[in-house]
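Undergrad: There's a structure below that I have some questions on.
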Amino acid sequence: MKESFFRTMTWLHTWTGLLVCWLLMLIFFAGTLSYYRYEINLWMKPELHTNVLQQYQDLDLAQTLVQGQTYLADTAPGAKTWMLRLPTHRLPFVGYAWMDAPKEGERRGKFHEHIVTTEGEMISDVRATKGGHFFYRLHFDLHYLPVPLARYLVGFATMFMLLAIITGIVIHKRIFKDFFALRLKKGPRSWLDSHTLSSVLALPYHLMITYTGLITLMFMYMPSAMEATYDGNRKALQKEITPVSTPAKPSGTPGELVSLSTILPSVLEQAEGKPIRDIRIQNPLDANSQIQVVLRNDSRVADHEYQLLYQGTSGEFIGKVGDSPSSMGKAYDTMIGLHAGRFAEPTLRFALFLSGVLGCVMIASGTLLWSKKLRQKQQKQIDQGARPSLGLYITESLNLGVIAGLPIAAASYLWANRLLSADYAGRYDAEINLFFTGLGVTLLLAFLGRINWRGALLTGGLMWLGIPVLNALTSSENLITNIVKGQWFIAWIDLLALMVGGLMLLAASYCKRKIDNKVGNKHKTKVQDAPTTNSVKAAESAQAIKEHV
Amino acid sequence: MHTQSAISLTSMRQKHGHTFTVINRTLAALVGGYLATASCAALLALILPMSTADSTLLAMMLSFALWASLAIYAFAAKSGTRVWILLATLIAISLVGVGAAQ
């Protein structure tokens, strides 16, 4: 299309990246926060901050199961499903939960959960919040949009991302050398370096997360294969990949459930040392009830549930639902597992989180680089009093509004969680609306030219730094007591907030220095008129950028 | 004067030509590329020598790599016509294959 393959790929890289970068930024941002979905969840429910965290090893299994069964029989006799949730690395507490029978037109009934304290008391009154699940859903369902439309938009953006990554690799000649090159304070050169560095450093991650992202929704994006072989019937395909026995249908006659303690020895034997994640009881008070014991699988990457099935009234062992017999089924599970990272222990989780952050930096530095170059082209006219072109105005405003707006929005969401009264009826939606208010206001101010980078970063940084303080004031625990008690799961969000806030303030102070430097530089150029080594170098690097971008 | 207007005419034509090329290639990459990928995936799901469930999953999982390659080719190829010929051939072969295999 262009004169050379290289130029074509450069062109393609710029446009695939630029067209979707702000949507991608939102997707990456939400996805990165989703690594701490359950930590955010717990942080946003301060009612659960004291005497709730437990470890599986310290649990008296038989007692917990019997207590749970009795509690659910008293509290939710009419439920479709009971669930006894035991502590895992992602949900470190005991919960007794149930699901109502679905009402007409619903796929699933309403979910309720009461939490058990370490003292054996029940907590049933927890504030309504979407918690970390908001970011998880935002990552692929966006918000305010019909779900199918949102998912197609996200898929479209992801495909562009894949193209941008591949073309990015193609146009990158010195992948190893640039690994170590970060030339700071050199104008566009620095933006290019930070773009390259964030891209190359986490390249395997970027490729993996983009491709597996497409795989997670491939049944929606690429249904043709399934149309050809199964007439589009996903259930038929699913049945061949994972032969799960059909869930028990209620018979209509009441029946008595065995005590869970009687099947416990058999469960422990069949589980072969794997910890129990939760126990689900379908149609608990029916003659045809079924007990599903779900085992933990987080020592492996593949995202696949292991279950032991028992008949509910007799306690008879029905069978195991284990690995998929299909090798491609395993490959698929592994890709989903890689994307969701459910297996990741704290250190690996943090590494994944940092890679996600690098992804955000990659997108942000890419679009900033583009707008800097556009501004450079117009600088002469702008200096002479011309107004920036419409393209430049939109790009720069969107950059500021989205890049600084997203952390501001997330901080508003967390602040809303504590400032809205715990029993205010509309709080569930109000929290989410306040997220978008934070983003919307930043965007609006950016377009109106009423806020600059320094102001926005300063605001966001202070909001994030305030989060541990807010937590200390509105929770029964604070950062220090959480750490002293070893409740890292809750303390982590405060620590993360300090890191994010600190980084934003650092960036804000960098903006200030840059403004000072610019004033200083103008003086210098007046003094040194003759071309110096510096300006020769600058010309060289400008040339290098031209070749690159 | 005469030469000047001739030059501006060519540059205008070039500009329009560029717009056309971009739209043409983008359509080829997105629409044509998707259709070709979808039909190839359907064919692969039917003919790969493994169980139906396996071949279906594999075809779906590989499809995005194929689409990405086709999209890049759509921009990199010497002429837009070549791109469309390749895409049309892929679609035709796949659909005939799917018809025969089903």
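Each Cβ is built from the backbone N, Cα and C atoms, and glycine gets one as well.
Whatever TrEMBL says is automated annotation, not expert-curated.
What TrEMBL records for this protein is below:
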TRANSMEM  A:12-36  transmembrane segment
TRANSMEM  A:152-176  transmembrane segment
TRANSMEM  A:197-221  transmembrane segment
TRANSMEM  A:350-370  transmembrane segment
TRANSMEM  A:390-416  transmembrane segment
TRANSMEM  A:428-448  transmembrane segment
TRANSMEM  A:455-474  transmembrane segment
TRANSMEM  A:486-508  transmembrane segment
Undergrad: Sequence-remote contacts (6 or more beyond its ends) of the transmembrane segment (A:455-474), Cβ cut-off under 8 Å?
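TA: Same-chain contacts beyond the flanks: 43, 46, 400, 404-405, 407-408, 411-412, 414-415, 418, 442, 445-446, 493-494, 497-498, 500-505, 507-508, 511.
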Undergrad: Between the transmembrane segment (A:152-176) and the stretches A:12-36, A:197-221, A:350-370, A:428-448, A:486-508, work out which stretch tops the count of Cβ pairs under 8 Å.
TA: A:12-36
Undergrad: Residues of the same chain, at least six outside the transmembrane segment (A:197-221), with any C-beta under 8 angstroms of its C-beta?
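TA: Long-range Cβ neighbours of the transmembrane segment (A:197-221): 31, 140, 148, 151-152, 154-155, 158-159, 161-162, 165, 168-169, 172, 175, 178-179, 181-182, 234, 332, 335-336, 338-340, 352, 355-356, 358-359, 361-362, 365.
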Undergrad: Residues sitting near the transmembrane segment (A:486-508): Cβ under 8 Å, six or more positions beyond its termini, same chain?
TA: 36, 38-40, 42-43, 49, 53, 92, 346, 407, 411, 414, 453-454, 457-458, 460-468, 471, 477-479
Undergrad: How about long-range neighbours of the transmembrane segment (A:12-36): same chain, 6 or more residues beyond its ends, C-beta under 8 Å?
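TA: Distant contacts of the transmembrane segment (A:12-36): 132, 135-136, 138-140, 142, 153-154, 156-158, 160-161, 163-164, 167-168, 171, 209, 341, 344, 349, 352-353, 356-357, 359-360, 363-364, 366-367, 370, 398, 402-403, 406-407, 410, 492-493, 496, 549.
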